[in-house]
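Trainee: Dropping the structure in here first, questions after.
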């Protein structure tokens, strides 16, 4: 694991801390990092799991890394499940709206998607960045059976974590050579994500303004028609 310590010493901030955590605690550090990622969406779980894949030198190590990562994912999902269960629909919306990189429209779509697809939304949502964190909230709001929720969350998380760790293992030579660039990759992804959200927000605002103008124009036409003498 020494290459992780060397890479983390070349970096600063959150990524360096997570890599040092994985380096010092091994699979348990991976699980703790994924727990934090589930509760705090901007944390780069993809980077952590990819780096963890480099550490694998035996089948048992693979099982330990994926298992700990999945346990961390489940614990984070349970946290948000009980947030939704305790707050209810309105306050859950307000809570999610305050999270970084989360839009009101995305929250509405998530709730609507859950109401339509139910259990499958929990399963597939665990494989979608950011969504995998708060898909648990509507499950708690509608009081989805807890055992069922844990089962589908665990299945989706297991698949997602297995894929990322496997990719890290397959690309271990490349990752070892370029891990010191990890912070730049994370920053680039965050900047692109924020840029997309800003673009989408501006687009939505313009759409709402056009709709209000159209509605006001139609209302004036209706009033004008009503004022005409018979």
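Placed from the backbone N, Cα and C atoms, the Cβ positions cover glycine too.
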Trainee: Between 124-142, 181-199, which stretch does TrEMBL give the note transmembrane segment?
Mentor: 181-199
Trainee: I'm validating the feature mapping. Which of 147-167, 210-230 is tagged region 'Disordered' in TrEMBL?
Mentor: 210-230
Trainee: Near the transmembrane segment (60-83), which same-chain residues lie under 8 Å Cβ to Cβ, leaving out any that are not at least 6 residues past its ends?
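Mentor: Long-range Cβ neighbours of the transmembrane segment (60-83): 26-28, 30-39, 49, 52-53, 92, 95, 126, 132-134, 136-137, 139-140, 144, 146, 149-150, 153-154, 157-158, 160-162, 165, 169.
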